[in-house]
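Below you'll find the structure, written out as structure tokens, and then a few comments.
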């Protein structure tokens, strides 16, 4: 192994001390900014954004079928791809915010893109010459997807920035209100906005989300003097890539006999000494080579090259992410099940009796029962299930993160079984009534869909919140934003999985024709139930082998 002369070690220590003195700073005095006055504006912005985006997405499959004249599979596939892109965009927003613009500028920039996309989509509904143009329709839709999706991780982080680091109670309260604003927006969109679209047309139905998107932008802008602004601290993606590159460059080197000879900063050494244990772990040992110190790690001027030498803590950050990935991968199929609320579940509801008295219920509005299930069951879990579980398991919290997430996976399987049973009954009625070869709704009330929506909602309380707690608890302190983006990425990938399975299954089996009364949508649901069971088995295996990090 190469050696480092004393002058370069001195430069390394000096650079380390200088870096430790430089930290994020706020642009204005804390006494005059932040707090609930600033965060309330951010919460209202999020509420308007949620009503706007869900007002587009929740009825998208109906819009694609009625306005662009797409068939069932194409509409469901395009809706799933769109939603996948929406939840992929947070990675873009998080990267731009952390590395370049900061939260506020990133939100404002992508809000403009979102608003422009909504204006395009709204104008198309009133222009007969371009109304059925796939290019302009999808241009507007994907501008909305990019703009709105990219703001999501930035809005939540920007809201938390308005409170002091030590004010943990206020931050926890903010996140509770933030989550509630999302659910309120979802309920309003799934009922009022969708009802307006179905009864008064797409022009008015899209104008309201567009107006709310503009209000969100102006609201956030109006509070600019009340906010606390943090400078970008650099992208975690860069830190992770530096470890891979540095380890690859040193793949021929031998490990030192003493782990203490690996590169630690003074701050890391102090943390290790305080905790009484080493942060170094044996897994993925190849990556440890990134922390081996050699003379080639420095430039001619003696400056440290971060692409040749990384700290042990930096290496362990990458290891932590890698250990999370197998668990993370099993959450993708759950979000794939959830994504069907906006696609296949809606198509199933469109061929059922949607009348309730004199009202004609939009098929997409049934997703409001999912939201209601979350809002109702979340406090039941905290106030009843957790105390009972604590008494049984004799542990704080009752259920660990992975146990909670696993129960959610079980509920996703039950939801698909419920959907399959409902579809079997619907097809039986279609045969009995002689409607198999007619593309019409069968005399079976749409309210039979409620159990499958509720089961998915209960599953979200277990799986999605458990997943967020798990990633937050097990992620490196400096990469919790990245893990939040990874959590949102499961939603994106879940939509793409739905799209892929829909396309492949229909081409191979023909289970989902244009006339669902002639198809076998029940078999598609049973297939997903089987995949969910297999996914649950894989999750249990991965969870049993996972080692929680030391506290």
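Heads up, the Cβ atoms here are built off N, Cα and C, so glycines get one too.
TrEMBL labels come from automatic prediction, so no person has curated them.
Between the listed ranges 41-64, 137-160, TrEMBL ties the annotation transmembrane segment to 41-64. Of the listed segments 313-335, 336-358, 359-381, TrEMBL assigns transmembrane segment to 359-381. Cross-referencing 107-127, 233-253 with TrEMBL places the feature transmembrane segment at 107-127. Matching 12-30, 202-220 against TrEMBL, the residues noted as transmembrane segment span 202-220. Of the candidate ranges 402-422, 423-443, 444-464, TrEMBL annotates residues 402-422 with the feature transmembrane segment. Within the set 76-95, 256-275, the record from TrEMBL flags 76-95 under the feature transmembrane segment. The transmembrane segment (359-381) is not in contact with the transmembrane segment (482-504), judged by fewer than 3 CB-CB distances under 8 Å for residue pairs 6 or more apart in sequence. For the transmembrane segment (41-64), the partner stretch with the highest count of Cβ pairs under 8 angstroms, out of 76-95, 482-504, 524-543, is 76-95. Across 107-127, 177-196, 202-220, 482-504, 524-543, the stretch most heavily in contact with the transmembrane segment (76-95), judged by Cβ pairs under 8 Å, is 482-504. Among residues of the same chain six or more beyond the transmembrane segment (524-543), those with a C-beta under 8 A of the stretch's C-beta atoms are 326-327, 330, 333-334, 336-337, 340, 344, 402, 405-406, 409-410, 412-413, 416-417, 419-420, 423, 501-502, 505, 511-512. Through the fold, the transmembrane segment (177-196) approaches residues 43-44, 46-51, 54-55, 58-59, 155-156, 159, 204-205, 208-209, 362, 364-365, 367-368, 371-372, 374-375 of its own chain, all at least 6 residues removed from its boundaries and within a Cβ separation under 8 Å.
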